[in-house]
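Structure first, then comments.
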Amino acid sequence: MNSSFSHRPVVTLHFRNQSFAGFTNTNGSHSKGCYEQLLISTEVFLTLGIISLLENILVITAIIKNKNLHSPMYFFICSLAVADMLVSVSNACETITIALLESRHLLAEDSLIKSMDNVFDSMICSSLLASICSLLAIAVDRYITIFYALRYHNIMTVRRAMIIISGIWMACTGSGILFIVYSESTMVIICLITMFFTMLTLMASLYVHMFMLARLHVKRIAALPVNGAIRQATNMKGAITVTILMGVFVVCWAPFFMHLILMISCPWNPYCVCFMSHFNMYLILIMCNSVVDPLIYAFRSQEMRKTFKDIICCCSLRSLCDYNLSLFCKP
């Protein structure tokens with residue numbers, strides 16, 4: 001969401017070209033330095049977008065290919081990977097479009113530019129909401145796995161997981177579009193901020209409860225047969241993995257939401273303006289979240305790591321065979 005596309009004061013993910021160089025201090029003098037918008041090259045956004053696209057496609061392919069990963073938790077992770085991919089790709093595509101428009105390599109009417117902006121903004125906003133909801137779904141899944149282990153497969157079936165994922169994407173897509181349609185209202189930003197902190201509070205509550213009672217489960221695990229103990233340990237490892245995912249999500253998205261809070265609470269305060277002038281860096285953090293998540297899956301899950309290796313090796317061998325075949329078939 002870029003001010004070069006539109007100047008609406010709202011759920012804007014892109015203020016990349018909005019300059020704070022024109023900010024005037026209390027003495028009436030022209031302020032520079034901290035108030036100038038931090039510029040980051042298009043190549044950085046494009047590189048992160050491509051890396052995120054490839055990594056998350058690898059995650060989605062691994063989950064589809066490996067039947068051992070056909071469980072509710074991994075389907076929720078697949079939903080999160082799709083959201084991560086859309087955030088980075090739409091961000092990168094918007095950056096490229098802006099660069100082409102500014103360099104006059106792409107000419108378009110204002111109405112078309114506005115429509116493109118709305119599409120990109122809706123994709124980014126919907127993906128953000130889907131990321132939060134997918135993380136919450138994974139948290140609930142881990143909670144049920146740990147505290148209702150014997151009834152887990154009756155409570156959380158693959159069919160129910162698919163229904164939940166479908167509901168998440170329908171609700172988030174609709175909400176994302178509505179946020180952009182009514183983006184001139186300050187209530188949209190307030191609503192988005194409220195949703196973010198509400199979801200984080202719910203997830204934090206689940207994890208605090210899980211890890212507070214985890215110590216009580218240590219004694220129970222010791223009394224379980226070997227298979228039961230292994231299963232409980234695996235469930236706890238899954239909960240820790242999702243906690244790491246949530247922590248990375250908060251670190252990467254918190255500056256952006258702080259930007260939104262300052263934008264509606266103190267838009268002309270020198271300190272707020274200074275913080276907001278680094279908005280492009282917050283966008284980079286958001287895209288880094290999409291790049292880091294697949295690395296967490298690979299680091300924490302041996303099954304995912306093994307599937308990643310199989311896919312990469314298979315693609316490498318296929319490329320090598322195609323190359324050798326093309327050499328052999330040359331006249």
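Here the Cβ of each residue, glycine as well, is placed from N, Cα and C on the backbone.
Annotated transmembrane segment per TrEMBL: 44-64, 76-100, 120-140, 161-181, 187-210, 239-261, 281-299, in sequence order. Per TrEMBL, domain 'G-protein coupled receptors family 1 profile' is recorded for 55-297.
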- Task: Mark yes when the transmembrane segment (161-181) and the transmembrane segment (44-64) have three or more Cβ pairs under 8 Å (sequence separation 6 or more) and no when they do not.
- Result: no
- Where else in the chain does the transmembrane segment (281-299) make close Cβ contacts, counting only residues six or more beyond its ends and a cut-off under 8 Å? 13-14, 16, 38, 40, 44-45, 48-49, 51-52, 55-56, 58-59, 77, 80-81, 84-85, 87-88, 91-92, 241, 244-245, 248-249, 251-253, 255-256, 259, 305, 308
